[in-house]
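*Asks:* Have a look at the structure that comes next, please.
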Amino acid sequence: MNFFIKSCFLDKEKTDCIVVSVFELSELSDSAIYLDKCSNGHITSLIKLGDIQGKIGDTLMLYKVPKILSKRILLVGCGKKDEINIIRFKKILKNTIHAIKKKSIKNIVYSFSNINIDNIYWMIRRMVLSLKESLYETIKINNTNIKNTNIHSITLNIIKKNDLFIAKTALKHALAIDHAITSTKNLSNLPPNICNPLYLSYKAQELSKKYENNIVVEIIDIKKMKELGMNAYIAVGNGSKNKPFMSVIKYSGNNIVNKKIIAFVGKGLTFDSGGISIKPALHMHEMKYDMCGAAAVYGTLIMAAELQLPLTVIGILSGCENMVGSHSFRPGDVLTTMSGQTVEILNTDAEGRLVLCDSLTYLERFSPDIVIDVATLTGACVTALGESVSGLFSNNEELSNQLLHASQETDDKIWSLPLFSEYHKELNSDIADFSNIGRGKAGAITAACFLSKFTKKYNWAHLDIAGTAWKSGKKSGATGRPVELLCQFLLNQSNYIYN
């Protein structure tokens, strides 16, 4: 499906459907008024019949409107003009797709005027991403994938010609971000017998082939891990026949404007049984999503390469599988991490932090200025923040504020939680430097405190996405979060200006 930006006369557009907005009390938008005048009041006369009130959720399809070349006009209710926000705007766009996608409509022109939720850049970007999200379908493995829509192209009409350049920039960014989000979802949704640590390494290597001028990939296998002393990482994978692989993706942009080295680390547990501290059976199938952090890093690197961002970005996919076996690590074991610090294992289901701690230490060789790890780390974060908000932890206030700003811009909600010294005491151990879990309270915080012990040499932030990375139930699947937030963070680091 293709997107286009242009400024056009709506009555002259030969298309299958034009979409325009209508507000409560049957108030027409400027685009709807234009079409109404061109059709000698035809739209107004139909609205007076009472078939659309202009409330959010209302839609009315008009056919063969006089003096209009489009085959159809879709009127979309937008509620009260002064009460439209980002959430309502997304719902409005979803309603348009619901009204269109099952019909034989191939080409659409959107002309949304009088909706002032943001400047033209954000308006266009939100439209494209929301429409793309509404049309996304999880790839099935049963060879019966059916095309869910007939839509071939969507044109966004820009009322003011002076806005065309900014609108085209917004479209370019939106399509790159959507590519990142879709790639993240598709990877996350794969079953664990397909997507294992080796498969993650293959996906990383594909990037070096597709973006060969900007991306170099190094794969750290178990032999190399042993040489590096990554004993915590190795221990987690010992119970599985699928050996761990850590994929290191190095992106170097052209004409770099920001000399900082930015690194992302993604937890890539392609399946987490919990190990000997085994998980309950009921929802264990969802533990294929325990690699959503790695998938998010993978997607974010795609966006950087697509837009040729003038940055240096490193992405680590920490691929591993936590299974029960005769070689599994045990509660009571003491592991020496790559950093030299020792960890007493009290629970083998607190494994993500063990994979991440060695990955974070490995990153030191690149002397990064900023490191952000992304992980479906703790159920405690879901208990604290629910399924709408991700947890944020950081050892640097400026970095934390930058991520919070990107969160506000993208409406991908995160909330900052503390790393006070009192919480570190929860990890005390009698026989090691510290244990891998606390005593049951503030689990999301103590997990972040654990990670912070391996991040002393750079500015670091941790995003716990355990509640936001996927949805359960009837429409289950990966959400693609927090990819847009991470992409926006990189765009901001690139000094892009939005007018």
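The backbone N, Cα and C atoms fix where each Cβ goes, and this holds for glycine too.
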*Asks:* Which of D272, D412, D430, D433 does Swiss-Prot put in the same Mn(2+) 1 site as D349, E351?
*Replies:* D272
*Asks:* With K267, D272, E351 listed by Swiss-Prot as Mn(2+) 2-binding, which of these, D290, D333, D369, is given for the same site?
*Replies:* D290
*Asks:* Where does E351 (Mn(2+) 2 binding site) sit by DSSP, helix, strand or coil?
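*Replies:* Its secondary structure by DSSP: coil.
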*Asks:* Near the Mn(2+) 1 site, what residues other than D272, D349, E351 in the same chain have a C-beta no further than 8 Å from the centroid of the listed C-beta atoms?
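*Replies:* Surrounding the site, in chain order, are V236, L269, S273, G274, G275, S277, K279, D290, N322, T348, A350, G352.
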*Asks:* What is the interatomic distance between the Cα atoms of K267 (Mn(2+) 2 binding site) and D349 (Mn(2+) 1 binding site), given in whole Å?
*Replies:* 14
*Asks:* Can you tell me how far the Cα of R353 (active site) sits from the Cα of D272 (Mn(2+) 2 binding site), in Å?
*Replies:* 13
*Asks:* Could you state the CA-to-CA distance between D349 (Mn(2+) 1 binding site) and K279 (active site) to the nearest Å?
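*Replies:* Per the Cα atoms, D349 (Mn(2+) 1 binding site) and K279 (active site) stand 8 Å apart.
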*Asks:* Cα within 10 Å of K279 (active site) is the criterion; apply it to the binding-site residues D272, D290, E351 and give the hits in sequence order.
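*Replies:* Passing the 10 Å Cα cut: D272.
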*Asks:* By a simple count, how many Cβ atoms lie within 10 Å of the Cβ of D272 (Mn(2+) 2 binding site), its own Cβ left out?
*Replies:* 26
*Asks:* Tell me, how many other CB atoms lie within 10 A of the CB of K267 (Mn(2+) 2 binding site), whichever protein chain they belong to?
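*Replies:* There are 33 such Cβ atoms around K267 (Mn(2+) 2 binding site).
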